[in-house]
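Reviewing the structure listed below.
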Amino acid sequence: MPSPLAPMAVFVDLDERSYTVHFDSLATVPSLLEDVGLAAGRCLLVTDENVARHYKTPLIEGLSNAGWTVRSLVLPPGEQTKSASCLHRIYDDALAWGIDRQTPVLALGGGVVGDLAGFAAATLLRGLPLVQLPTSLLAQVDASVGGKTAINHDTGKNLIGAFYQPELVCADPQTLDTLPMREYTSGMAEVIKHALIRAPDLFEALEDHLVPVMARKDREIVSSVIEDAVGVKADVVSADEREEGRRAILNFGHTFAHALERVAGYGAFTHGEAVAIGMRAGLYLSHQRHPEAVPRERLDHVIRAVPIESDPAEVPFPDLYAAMAADKKNEGGTIRFVLLEQLGQAYVTGDVTEADARHAWQFACSN
């Protein structure tokens with residue numbers, strides 16, 4: 001939904017917790033903080049080593065020039081950082097520095113940093129102002145929007161977390177220029193997901209421009225599909241903030257994906273790669289139930305545009321299924337899947353047998 005506040009922005013309508021996703025330079029962050037009523041003072045900047053090399057220094061300089069005193073914490077990159085130990089590093093550093101409830105937490109990085117720093121903000125002093133500064137495509141179109149924050153547990157992914165909305169999101173399109181191609185194409189998996197579950201027009205745009213979009217060669221088209229994808233996420237979240245109903249459709253592909261990430265070991269697949277594989281499995285199940293309404297070959301062609309570097313077939317299905325049984329979305333011991341009724345319409349079901357899931361996994365792993 002277009003924001004009433006800016007031409008290149010998306011508004012997330014959550015009553016008193018509403019905020020805007022700005023598609024603008026990180027140089028605008030000091031003024032954006034002022035716009036939402038965050039007066040210059042102390043702020044805690046959380047980022048990772050990869051992102052820090054490119055964006056930490058200029059961001060701190062801009063904040064300092066605007067009167068902010070910045071404490072920065074640079075963490076290792078990768079999914080392993082979404083852990084209790086790294087969370088406590090943030091706690092220890094923040095409390096030793098002497099934060100108060102007016103100290104904003106700035107999450108500069110991809111989905112891992114956003115989830116981790118967001119959960120720290122949600123729990124430190126029972127809540128600090130949170131500002132999401134996503135630098136990866138996956139974070140810009142998905143992880144930074146909607147208020148989900150979490151860390152992983154040995155039992156599964158994102159099992160310890162909270163819903164906690166940011167004060168604002170600033171997604172700088174230029175940060176995608178320094179993103180490794182694998183991370184970029186992985187992020188496109190979430191764009192494709194948003195198109196499949198809610199936006200046939202976005203899916204058609206991806207179909208029509210699949211090669212330049214996946215190759216990151218047309219900035220105008222890429223910017224357009226990103227903004228449309230964020231609009232899908234914002235609309236769904238605005239209608240169901242805490243995933244009590246409709247928001248669950250955003251988990252299309254994620255039941256398989258989260259299990260795959262856990263069983264294969266975090267880092268073997270990027271989150272986007274796992275989601276792409278999970279969407280192929282979900283597409284198989286959807287077509288099985290709605291063969292006329294869900295054109296499997298057409299939709300699969302776009303999903304397959306996401307390159308997969310590791311072989312999911314090496315993950316034994318019994319291990320995968322056991323991991324799915326521990327998924328946080330399950331209810332009453334039933335594994336819940338998001339399926340497509342048709343392009344642009346999705347629903348949640350627990351009516352998937354183990355045999356059906358096995359066949360879907362075999363399809364997802366096929367060439």
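Including glycine, each Cβ sits where the backbone N, Cα and C put it.
When the candidates Glu190, Glu331, Glu341 are compared with the Zn(2+) site entry in Swiss-Prot, which names His254, His271, the shared residue is Glu190. Counting only the Cα atoms, the space from Asp115 (NAD(+) binding site) to Glu190 (Zn(2+) binding site) is about 16 angstrom. Note: the Zn(2+) site is recorded as Glu190, His254, His271; in the same chain, Leu138, Asp142, Ala189, Lys193, Gly253, Ala257, Gly272, Ala274, Val275, Gly278 also have Cβ atoms within 8 Å of that site's Cβ centroid. Take the binding-site residues Val113, Leu176: by the count of other Cβ atoms within 10 Å of each Cβ, the lowest one is Leu176. Take the Cα of Gly111 (NAD(+) binding site) and measure to each of the binding-site residues Glu190, His254, His271: the nearest one is His271.
His271 (Zn(2+) binding site) counts 27 other C-beta atoms within 10 Å of its own C-beta, drawing on all protein chains shown.
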